[in-house]
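According to Swiss-Prot, the feature disulfide bond maps to C22-C31, C61-C405, C205-C456, C254-C272, C427-C435, an assignment based on similarity to another entry. The feature 1D-myo-inositol hexakisphosphate binding site is assigned by Swiss-Prot to Q41, Y42, R71, H72, R75, T78, R155, K291, H352, D353, with similarity to another entry given as support. Taken from Swiss-Prot, the feature active site, nucleophile applies to H72, supported by similarity to another entry. For N95, N110, N197, N329, N343, N367, the entry in Swiss-Prot reads N-linked glycosylation site.
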Amino acid sequence: MFDIALRSGPARGGVSHRVRTCDTVDGGYQCFPRLSHRWGQYSPYFSLANTGLPSEVPEKCELTFVQVLSRHGARYPTASKSKKYKSLIQAIQANATAYNGQSVFLRAYNYTLGSEDLTSFGEHQMINSGIKFYQRYAALTRDHVPFIRSSDSSRVVASGQLFIQGYEQSKAQDCDADHSQDHAAINVLISEAPGANNTLNHNTCAAFEADKLGDQVSAKYTALIAPPMAQRLHHDLPGVTLTDDQVIYLMDMCAYDTVATTPGATSLSPFCALFTDTEWSQYNYLQSLGKYYGYGAGNPLGPTQGVGFINELIARMTHSPVHDHTTSNRTLDAPGADSFPTNRTLYADFTHDNGMIPIFFALGLYNGSDPLPHDRIVPATQADGYSAAWAVPFAARAYIEMMQCGRETEPLVRVLINDRVAPLKGCNVDQLGRCKRSDFVNALSFAQDGGDWAKCGVSSK
């Protein structure tokens, strides 16, 4: 069973409307969890607060700094994928001589999905994310305005703006907040143009961009799991012949159709019933493999794509200039530049899943796991908390906190990924997953040394 909440939707033309939604501020998306929490990076954000260490701020601790790193909200397929999905549906309808079992709906299904932009549900996700950030960190948000950056993709910028809408909505309702301050706004847009230095987006490491390891591993696993599914679908759809990739496209449609059909994603797409429970576990692992070997530790240059952001994070946490020769923009990050202050208490950055995965691995958050095997499922609970659905769902968010506790002489650092405390690696971690700031910074030597940027074949700008 699941609960469907009512909330105010984004104002359009000055009119706010009520929306039935499966997304809540605290819990994220909790409808159809046996399926929706296994859609890899296409899963809508769901809270992992109850999967590990306590996520509350410990007693006798006072927060002094928070950085949020967020993925955009749920979107329509990319333009290239949307074209493939539509062509597949048309081919099925042109060739099927019958529609048996769960495939009956395909006879009359009309593909109407857009491309690239946020869905209405994705918009609501980001408003909720802003509300949650304000409320979770009210001790700071009442009196401090976050410094906000966004990669300049339209859906990422829109996500940042909607986050701000939720944030300011909560602040306006908080009687204890300082209402004399300026409203939060996106302070810096960072170009995603090819070759532009951008710590929130990979595109400047030539050797990495040319690498196809993630695609190769995904293709190998797809060839393992898709044929039995295709055999069943061919029985249900006589006259139709599906490739392995097309089987996966039909699985993709389950998630995309669900987050697009209703504003609150309250209706499960009929595409979902085409596949079994076991097959959804396989699909989830397929997506995890793709991210791990495409952008994470499975790729020799994956974590290197995240070191620029880590070096910016160090600068923010230590109130010092950025020391980086990889993806940072030296003009934007110049010492004393208004575009990169290091004296703020709150920071927010908005990007894509493929921008976040390298950052998480550059932080070493999943270093407690062996490399993911290509031929069997290793769930997140056995992979140091890593899976695509647990790490980078739609509207994913990482919180990096500093807190002053009791008689400690320096602040402690803690990282939460979708509300799950990710115990830090490489430093003297305590029972709550935290390290002292100096120890945390020292543990980030991979980033401070530039990772393996020398293997990229380019020089930073």
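Cβ coordinates come from backbone N, Cα and C, glycine included.
For the pair R75 (1D-myo-inositol hexakisphosphate binding site) and C254 (disulfide bond), the Cα-Cα distance reads 13 Å. Cβ neighbour count within 10 Å across all protein chains ranks Q41 highest among the recorded positions Q41, N95, N110, N343, N367. Taking the Cα atom of each, Q41 (1D-myo-inositol hexakisphosphate binding site) and the residue listed as 'active site, nucleophile' are about 11 angstrom apart. The shortest Cα-Cα distance between N95 (N-linked glycosylation site) and any of the recorded positions C205, N329, H352, N367, C405 is the one to H352.
Ranking the binding-site residues R71, R75, R155, H352 by how many Cβ atoms sit within 10 Å of each one's Cβ puts R71 at the top.
Put simply, R71 (1D-myo-inositol hexakisphosphate binding site) is 20 Å from C31 (disulfide bond) when counted between their Cα atoms. Using a 10 Å radius centred on the Cβ of C435 (disulfide bond) and all shown protein chains, the other Cβ atoms total 22. Separating the Cα atoms of C405 (disulfide bond) and C254 (disulfide bond) is a whole-number distance of 46 Å. When the Cα atoms are compared, C435 (disulfide bond) and N367 (N-linked glycosylation site) turn out to be 16 Å apart.
A sphere of 10 angstroms centred on the C-beta of C272 (disulfide bond) encloses 20 other C-beta atoms. In the structure shown, across all protein chains, C205 is the one of the disulfide-bonded residues C31, C61, C205, C405, C456 with the greatest number of other Cβ atoms within 10 Å.
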